Amino acid sequence: MRSAQVYRWQIPMDAGVVLRDRRLKTRDGLYVCLREGEREGWGEISPLPGFSQETWEEAQSVLLAWVNNWLAGDCELPQMPSVAFGVSCALAELADTLPQAANYRAAPLCNGDPDDLILKLADMPGEKVAKVKVGLYEAVRDGMVVNLLLEAIPDLHLRLDANRAWTPLKGQQFAKYVNPDYRHRIAFLEEPCKTRDDSRAFARETGIAIAWDESLREPDFAFVAEEGVRAVVIKPTLTGSLDKVREQVQAAHALGLTAVISSSIESSLGLTQLARIAAWLTPDTIPGLDTLDLMQAQQVRRWPGSLLPLVDVDALEQLL
């Protein structure tokens with residue numbers, strides 16, 4: 001006997017969270033809970049404003065239609081990426097095919113005063129990998145901050161993300177302030193320039209490795225080995241079903257590229273599932289999941305070690 005519930009939720013964000021020039025005051029999304037006999041599976045559907053093609057309202061409409069079809073015996077996945085991902089996670093939990101083991105190590109997202117960051121990162125246990133957003137300020141300032149961190153902590157490796165913010169000139173201004181002796185400790189820089197060709201040229205000219213992120217979701221993208229390209233950053237909420245995520249990871253690994261499972265600012269429930277996916281598909285790579293502290297609460301499932309209050313399922317709005 002099948003049953004299901006869909007929950008709608010909204011989490012207040014910390015002040016200062018800006019995505020593509022818009023302030024994100026709340027994170028809005030949906031959960032689907034599928035039950036069959038004694039088994040249960042959960043999934044999160046939370047399109048990311050400014051990044052997802054679909055809106056939250058569109059996702060809700062597609063999800064509710066899919067749930068009704070599933071209750072009637074139809075299991076075909078929807079095409080909408082955020083819904084396909086959430087539904088496939090719920091089905092995988094229901095079938096016990098999403099392993100429980102999780103990689104809760106997250107490359108910390110570095111914001112704020114560089115001196116404070118140096119103290120925080122120096123005390124980091126084990127492999128020191130951190131993420132810095134660049135492209136929000138002047139390229140020269142970004143270069144100076146990155147250089148300062150790499151100089152102060154000799155065993156630190158940085159993942160940088162420019163979100164296609166730079167012109168070729170700004171990319172060169174950034175690189176000018178990063179000591180060539182430190183550049184090999186930039187694990188990769190995600191999408192430095194507005195076009196892929198400009199990003200490739202940046203990698204060739206600076207010796208700084210790049211990673212594809214937004215490019216993965218463009219229709220003309222193909223997985224090929226390229227000089228200067230070291231990694232792909234896979235955001236499942238923006239990608240689609242678990243099968244599609246796994247195909248992309250396998251395609252990257254076949255080329256010798258690092259594949260990084262990364263957050264689209266999901267709630268704690270979604271983040272714990274991403275940690276499980278990372279342990280399953282990319283066991284040797286620290287995922288990019290350090291986004292929970294951008295929110296003011298956890299929901300349904302806790303992230304280990306987080307002190308944020310937990311909102312129980314009973315407090316969520318039911319749609320069925």
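For all residues, glycine too, the Cβ spot is worked out from N, Cα and C.
Features as listed in Swiss-Prot:
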| type | residues | note |
| --- | --- | --- |
| ACT_SITE | LYS133 | active site, proton donor |
| ACT_SITE | LYS235 | active site, proton acceptor |
| BINDING | ASP161, GLU190, ASP213 | Mg(2+) binding site |
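Positions of the features from Swiss-Prot, shown on the structure.
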{"residue": "LYS133", "record": "active site, proton donor", "DSSP (3 states)": "strand"}
{"residue": "ASP161", "record": "Mg(2+) binding site", "DSSP (3 states)": "strand"}
{"residue": "GLU190", "record": "Mg(2+) binding site", "DSSP (3 states)": "strand"}
{"residue": "ASP213", "record": "Mg(2+) binding site", "DSSP (3 states)": "coil"}
{"residue": "LYS235", "record": "active site, proton acceptor", "DSSP (3 states)": "coil"}
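The local packing around ASP213 (Mg(2+) binding site), expressed as other Cβ atoms within 10 Å of its Cβ over all shown chains, amounts to 24. Of the listed binding-site residues ASP161, GLU190, the Cβ environment within 10 Å is emptiest of other Cβ atoms at ASP161. Summary: among the active-site residues (LYS133, LYS235), the fewest other C-beta atoms within 10 A of the C-beta are counted at LYS133.
Of all the recorded positions given, namely LYS133, ASP161, GLU190, none has its Cα within 10 Å of the Cα of LYS235 (active site, proton acceptor).
Surrounding the centroid of the Cβ atoms of ASP161, GLU190, ASP213, where the record places Mg(2+), the chain contributes additional residues within 8 Å, namely ARG159, LEU160, ALA162, ASN163, LEU189, GLU191, ALA211, GLU214, VAL233.
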